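For reference, the structure is listed below as structure tokens.
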């Protein structure tokens with residue numbers, strides 16, 4: 001993109017949650033690359049957090065944006081979930097849904113699909129209430145800080161989740177590598193990092209605005225995770241991509257890694 005890296009000030013001023021949600025999470029118009037990407041993530045998360053999968057007391061989601069789909073599986077296996085985002089508007093959008101305020105975004109299609117994966121599509125309303133009860137706080141975050149939740153200090157968590165966020169928050173591969181080390185600092189030794197990264201994406205559209213990303217290769221993501229003190233337990237590549245007019249990525253990788261006990 002011509003304007004260079006999109007920093008925090010631009011996100012705070014110009015990132016409009018409803019434009020983002022309507023572009024990437026609107027399923028009224030039938031099948032789309034965006035809907036398929038959501039299904040890919042929900043399927044991966046179900047396998048990761050479902051029966052026999054990761055569980056624990058505390059999970060921190062870094063860079064939640066205005067979305068809740070990413071913790072629909074985890075709310076069944078963790079007791080205390082923290083959502084976080086850099087911008088005020090995104091945190092306000094999350095609060096609207098959590099508090100069931102008028103005009104909150106309708107996540108019913110995602111809730112129903114998540115429940116289908118669990119074998120009980122009829123309990124989607126129960127799932128929504130379970131998630132609302134499990135999310136204990138919504139905090140400001142900045143993955144580029146040594147403590148991404150500054151000024152709040154939370155006890156080390158069992159799991160850190162970050163989907164489709166780090167590549168947007170970081171201005172370079174070096175910054176991405178540093179951000180992963182920052183995320184590692186939020187975890188207990190032996191805790192897990194769960195992440196989805198869009199590959200080879202240099203920018204994406206939200207409404208009429210273009211936001212920059214660091215274009216990452218699968219091998220760069222893998223090496224950055226290893227160098228941040230993790231052992232990789234699962235690395236799944238998919239050619240799944242968004243619509244070329246909104247987010248022209250080339251594939252995506254889903255990764256589960258365990259923080260080394262001594263790190």
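Residue numbers in this text run from 1 along the chain shown.
Backbone N, Cα and C define each Cβ position, glycine as well.
When 117, 163, 173 are compared with the S-adenosyl-L-methionine site residues 20, 25, 63, 64, 69, 85, 90, 142, 143 in Swiss-Prot, the one appearing in that site is 163. Candidate modified residues: 13, 96. Fewest other C-beta atoms within 10 angstroms, 13.
Every protein chain shown contributes to the tally, and the Cβ of residue 143 (S-adenosyl-L-methionine binding site) ends up with 23 other Cβ atoms within 10 Å.
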